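Below: one structure, written as structure tokens.
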Amino acid sequence: MELTGLFFYLVSLLILGGIYALLCLALNIQWGMGGLFNAGIAGFYGVGAYSSAILTTAASSRHLGGYGLPVPLGLVGAAILAGLAGWAVAKICVRLKSDYLAMASIGIAEILRLVIVNEDWLTNGSLGVSRIPRPLGDLATGRMSDVVFLGFVWLVVLLVFVASSRLYDSPWGRSLRAIRDNETSAAAAGKNIEKFRIQTFVIGCAVMGIAGGLSAHYFRFLSPTATDPLLVTFLVWVMLMAGGSGNNKGAILGALAIWTLWSVTEIFTNRLPPEWATRSSFIRMLLVGLLLQVVLQRFRAGLIPEKSPPVRFKEEGPEPDR
Amino acid sequence: MIEFINFYLFPALTIGSIYALGAVGISMIFGILRFAHFAHGDLMTLGTYGILAAAAILPVNPLLLIPFGMVLTIVSALLVDRLFYQPLRALPTIYTVISSFGIALVFRSLVQLIWGSENQVFSTGVKPPLVLFDTIRVSVLHLQAIVATAIIAVLLHFFLSRTRTGRSMRAVADDPELAEVSGLDTAKVVRWTWIIGAALAAIAGAFAALNTSAHPNLGWNLLLPMFAAAILGGIGKPMGAMAGGFLIGLAEELSSYHWIGDDALISPSYKTAVAFICMIALLIFRPQGLFKGRLL
């Protein structure tokens, strides 16, 4: 009994860890490769969650819906809508100093939250959307469906990881890193900086949307109060910084490590008497905030530092002497 | 008309004062230290709770206890700058932005840890509003906030234009390299930036909490309109930020006035969105702000 409990705890830990890994990979595209600051991760995550939920649920009189699409299509919808939201912000802000993008991304997250809370016809307001289906729902029932979902989440993580690694090595990724490291010289080399940055931001936001969609399908119920938006945004930043910004493996490792730390400490704090349990959650938050400072000052490279691939030349005749 | 003045204009000017006081700090920090200070709202929260703590011991008008909050915010700001922001100063400023984002959470969890996360009010009971000329009714608090902000604006103006430190601050905001080679004491300028920004943040927080109630998200919720106000006024222009604060406050409150027909022009639940839309419009059309601030 104890063992099965542990097993299912591990499953839920890894499912949420996988969702955070996706967010972390997405932020790695934006920040790690593109050097773009996004402080509104929770906003894009929320858009994705609601889009996928609304697209896949059966008809309900309380919110927009009744499309009943299969889950993968819901996730595609989540990616498109979150990407669109990201495009709108990026279009306006990328030409300015990155601080402006940071301010505007907080703003868009706040607006999206307001829309979700206030537009009852769309999202059923604070009462939330329920009966969200799971992918491959017929395959298993009860707790075993968590195991199936675990596989599904990590399949998505794998796909995004492969795509993101390919992007990193591609000419596109190289240009992006050139822009990140030296904007002026990249511009001098003829790179369209604005275009690259907008693309990066949109791709990142789309992946955040997918992560949000997956979380909706996991919890099967969605309401605006389910997650603390700031906490999500903040945890993802700490994960990426600790894991190693610019490195996809680092992003996944950071997500798993910090999420494990976060959840396991929760078990201990939940055992404390009630008045201490709430207090200790603030201590946890405080410590994570300080952890970020330590990482920023001492271990900026993270657990797995960024390692640029060697520049390969095509095998056309002898290589020029350099 | 009278209804408009009593129920929309005065509250709008009060909210405007709060934004103005907060935005001055954000604008100066952005202008002088070159980064968007994400922890400024939570610095306000910290100051507010400092005043609350003092109010629990000393039963006097909370406005008299504002200095306690100011001391708390100034000390915290200088400490945080020393421990967390200064080591990152050689890096691109975006790292300091990330750091301040974390500090915002640190401030908030400290507040929650020490004072709990419930709403807290300074005083209970309804105070009768002040009646002027038989028709204009304004709450004492609103009048206090507006007058205090006006006085601070005048003092700040004299500080920036007449004192040596104030002038150095403007010089650094305009051109840091030139200021440095001219032999200005940059460290002193940075110190004063934090002192003024933090002190005004405590005042703003006090008025915000008196206006509604104190809670750990108080400052964070004000951050977006304060950013908008700082951009509107032009980064590095403290007086511009003041004007920007009032304009954003007016825009937010007056957008829910029933200008056309009987319904509010924009639903009050979307008030925050107004500040954001102002910010976006500015970033598209006039990112240097109304008063020709720096575009960083």
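Just so you know, glycine gets a Cβ as well, placed from its N, Cα and C.
Annotations in TrEMBL come from automatic prediction, not curation.
Note that the structure is a prediction, hence the values are computed from the model and not measured.
The transmembrane segment annotation in TrEMBL covers A:6-29 (among others).
Positions annotated as transmembrane segment by TrEMBL: A:36-55 (among others). Cβ atoms under 8 Å from those of the transmembrane segment (A:36-55) belong to residues 23, 26-27, 30, 63-65, 67, 69, 71, 73-75, 77-82, 85-86, 89-90, 94, 98-99, 101-103, 105-113, 116, 122-123, 129, 132, 197, 200-201, 204-205, 208-217, 222, 224, 227, 229-230, 232-233, 236-237 of the same chain, restricted to positions at least 6 beyond its ends.
Away from its own ends, the transmembrane segment (A:67-88) comes close to residues 43-45, 47-49, 51-59, 108, 112, 133-135, 156, 198, 201-210, 212-214, 217 of its chain (Cβ-Cβ under 8 Å, at least six residues beyond either end). Per TrEMBL, the feature transmembrane segment maps to A:67-88 (among others).
For A:100-117 (among others), the entry in TrEMBL reads transmembrane segment.
Per TrEMBL, the feature transmembrane segment maps to A:147-168 (among others).
Feature annotation from TrEMBL assigns transmembrane segment to A:201-219 (among others). Beyond the transmembrane segment (A:201-219), the same-chain residues lying 6 or more positions past its ends with a Cβ under 8 Å from any Cβ of the stretch are 15-16, 18-20, 22-23, 25-27, 29-30, 34, 36, 38, 41, 44-53, 56, 71, 74-75, 77-83, 85-87, 89-90, 94, 101, 129, 132-135, 149, 152-153, 156, 160, 167, 226.
The annotation transmembrane segment is assigned in TrEMBL to A:281-299 (among others).
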